[in-house]
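Look at TrEMBL and you will find B:12-34, B:46-67, B:74-91, B:141-164, B:171-189, B:221-241, B:262-288, B:294-313, B:320-337, B:357-381 tagged as transmembrane segment.
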Amino acid sequence: MSALLEVDSVSVSFDGFKAINNLSFNIGAVELRAVIGPNGAGKTTFMDIVTGKTKPDAGRVLWGEDSRSLLKMNEAQIARAGVGRKFQRPTVFEDQSVSANLTMALKANRGPFGVLFWRPSATSAARVAELAEEVGLSEQIDRKAGELSHGQKQWLEIGMLLAQEPRLLLVDEPAAGMTLAEREQTTTLLRRLAETRAVVVVEHDMDFVRRLECKVTVLHQGSVLAEGSLDHVTRNPDVIEVYLGR
Amino acid sequence: MTRQPFILRNPSILIVLAVLAAFTVAVTLMSAAYGNGAIPTSMVKVLGKTLCLALAAVAMDLVWGYLGILSLGQMAFFALGGYMVGQWLMYARTETIVAASLAQNPIPATPLELQEAVANQIFGVVGSSDLPLVWTFAHSLTLQLILVVAVPGILALVFGWLAFRSRVNGVYLSILTQAMTLALALWLFQNDSGFRGNNGLSGLQNIPGLEGRDQATLSVWFLWASAAALAVFYVLAAWLVSGKFGSVIRAIRDDETRVRFLGYPVEGFKLVVFTLAAMITAIAGALYYPQAGIINPAELMPIASIYLAVWVAIGGRGRLYGAIIGAVVVSLLSSWFTGGRAPDIRLPGYVVHWVDWWQVALGLSFVLVTLFAPKGIAGIFDRLSGLRAPRRAAPRKQEVKA
Ligand SMILES: Nc1ncnc2c1ncn2[C@@H]1O[C@H](COP(=O)(O)OP(=O)(O)OP(=O)(O)O)[C@@H](O)[C@H]1O
Ligand SMILES: [Mg+2]
């Protein structure tokens with residue numbers, strides 16, 4: 001299995017503090033992966049590096065069949081290359097309707113002039129309706145995103161990610177603020193998405209991770225502490241000490 | 001899928017156009033040249049200039065209200081547009097006068113002599129008699145009209161590219177725009193800038209080729225031109241903010257990082273809007289200064305751009321018609337209060353002279369609007385129309401789970 005994303009000995013420090021320390025991480029083109037680790041382990045920083053928000057001090061980040069370096073690309077270029085990201089706290093455009101949020105995320109020409117002359121079509125309208133249906137927001141499609149509940153915003157953001165049709169999906173703590181039923185829906189959705197693409201999920205909630213039934217990577221102090229099935233890593237004494245035993 | 005043309009989907013555009021047309025017709029019918037003369041020519045000019053300011057405010061609203069960049073240098077573009085058209089106005093008119101006086105000579109003047117005489121006439125005040133390089137195209141109306149949009153456009157493009165690329169944002173960007181207009185003003189103040197220093201350009205109300213028309217007629221023509229420009233660019237701006245492009249720029253205003261992660265080249269969008277707004281503002285300026293008659297570097301001082309921001313804030317930013325309302329209401333009130341015609345308020349022991357106190361009142365109302373009516377005057381319209389029609393986005397009744 002060739003890797004879609006290859007993170008190779010990456011380090012980054014903030015004011016001398018090593019947030020990511022010689023981290024290496026691979027993920028295949030069709031794979032579901034959970035990343036766990038205590039607070040401050042560097043999980044969000046890892047996503048920042050992959051998505052171009054933070055430039056590492058050392059290391060390589062390679063992408064796709066032709067191993068392009070993501071470090072030379074800016075956030076927008078990386079997103080267009082097929083990396084989608086869901087933030088820790090829901091970030092939707094609160095001032096705009098659910099359908100406007102989804103329409104913006106739809107895969108289409110992203111240049112200013114391409115956008116200027118873009119016109120909604122029957123296909124695009126149907127796609128937006130379909131996405132809204134998928135994340136359970138059909139009823140709310142004309143409402144402003146700001147009027148949605150916290151959980152609904154999470155879903156809207158997931159809908160926007162789907163609209164982007166990314167090849168790699170980075171999801172930071174999706175279960176936060178969701179009800180039990182919503183969590184179950186989310187795990188089902190993430191597992192289904194991972195049937196056709198790579199999905200990396202950062203999550204604190206162990207039950208949530210268990211339901212994902214996937215390979216788990218444990219981060220600690222900016223590097224990989226253990227990797228394998230959830231049962232495998234939870235038996236690892238190092239992991240128990242730094243994370244589970246607390 | 002059939003969609004109505006966007007103008008029909010946005011009734012506010014039709015209302016604005018109708019009001020603008022009615023206003024223009026009414027002023028024309030009361031003008032000295034085409035009507036009963038109820039409105040003196042000087043007032044026609046004030047109204048025409050106000051339309052130009054309204055257009056600058058619409059452009060400001062694009063940049064600030066929609067894109068989220070509080071540019072405090074917009075009036076630099078406005079003044080540059082004025083300078084560019086002013087160069088031709090002054091050159092062509094001086095040329096006519098000089099040619100007429102040289103025609104008295106027994107030997108006809110060569111083109112070079114003519115040019116030297118013109119230069120001497122224009123630049124005598126700053127102690128120079130050479131035509132500066134920046135006046136190379138001043139003989140041609142077409143070229144200067146191209147420069148009206150090209151010079152501010154290129155300035156905005158270069159400035160924007162440098163600023164946006166290094167991700168200067170928020171208050172730092174505002175300060176940078178202010179520094180830009182201040183630097184430009186200080187440069188223009190110098191006698192050797194080529195723009196006649198603090199004298200600026202004058203006599204711009206005399207339009208070469210139209211010497212036979214009196215100011216009463218010209219003032220109405222400029223009113224029409226200003227109204228037409230406002231209408232055209234209002235529709236353009238409304239079209240720009242109506243569709244997905246509008247969605248994206250408002251998204252940039254609210255959370256540009258998130259927009260980047262959606263794959264949009266944020267800098268490109270900012271550049272397009274900033275540059276386009278600069279060009280629209282310049283066109284407004286090119287129509288304004290022939291009505292004002294004179295332009296000098298003081299027009300570029302940061303305070304002018306700050307006023308523009310205040311008008312847009314009071315009118316209601318993020319609403320294009322709000323920008324027009326703000327510019328019209330505040331600038332007309334300003335000229336009324338500072339014109340000495342507003343009755344003073346006699347308090348026991350103190351007389352409030354509006355000439356002195358208007359600025360204070362304006363500043364105070366800006367603070368009040370910011371605090372209590374962040375959507376400005378346009379927000380009141382929103383609330384009124386909200387009373388008539390039930391909110392489309394009214395929360396639906398949630399299903400109650402047993
Ligand atoms: N921009 C920054 N400047 C300085 N320090 C930072 C910055 N970003 C992250 N850090 C630090 O780097 C470390 C890793 O942070 P990160 O957000 O990646 O942790 P995390 O694993 O996502 O934690 P959590 O589970 O709390 O979300 C933390 O100690 C954090 O304080
Ligand atoms: Mg985190």
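Going from the start of the chain as shown, residues are counted 1 onward.
Glycine too: its Cβ is placed from the backbone N, Cα and C atoms.
The model shown is predicted, which means the values in this text are computed figures rather than measured ones.
Among the stretches B:262-288, B:294-313, B:320-337, B:357-381, the one making the largest number of Cβ pairs under 8 Å with the transmembrane segment (B:12-34) is B:320-337. Remote same-chain partners of the transmembrane segment (B:262-288), defined as residues 6 or more beyond its termini with a Cβ less than 8 Å from a stretch Cβ, comprise 48-49, 52-53, 55-56, 58-60, 62-63, 66-67, 69, 71, 74-75, 77-82, 84-85, 145, 148-149, 151-153, 155-157, 160-161, 164-165, 222, 225-226, 229, 233, 236-237, 240, 245, 248-249, 251-252, 256. Two recorded stretches are said to be in contact when at least 3 C-beta pairs lie under 8 angstroms, sequence spacing 6 or more; the transmembrane segment (B:320-337) and the transmembrane segment (B:221-241) meet this definition. A Cβ distance under 8 Å defines the sequence-distant neighbours of the transmembrane segment (B:171-189), meaning residues of its chain 6+ beyond its ends; these are 69-76, 80, 83, 159, 163, 195, 197-198, 200, 297-298, 300-302, 305. For the transmembrane segment (B:74-91), same-chain residues at least 6 beyond its ends with a Cβ under 8 Å from one of its own Cβ atoms are 56, 59-60, 63, 118, 122, 134-135, 137-141, 144-145, 147-149, 151-152, 155-156, 177, 180-181, 184-185, 188, 195, 201-204, 206-208, 277-279, 281-286, 288-290, 292, 295, 297, 299-300, 304-305, 308-309.
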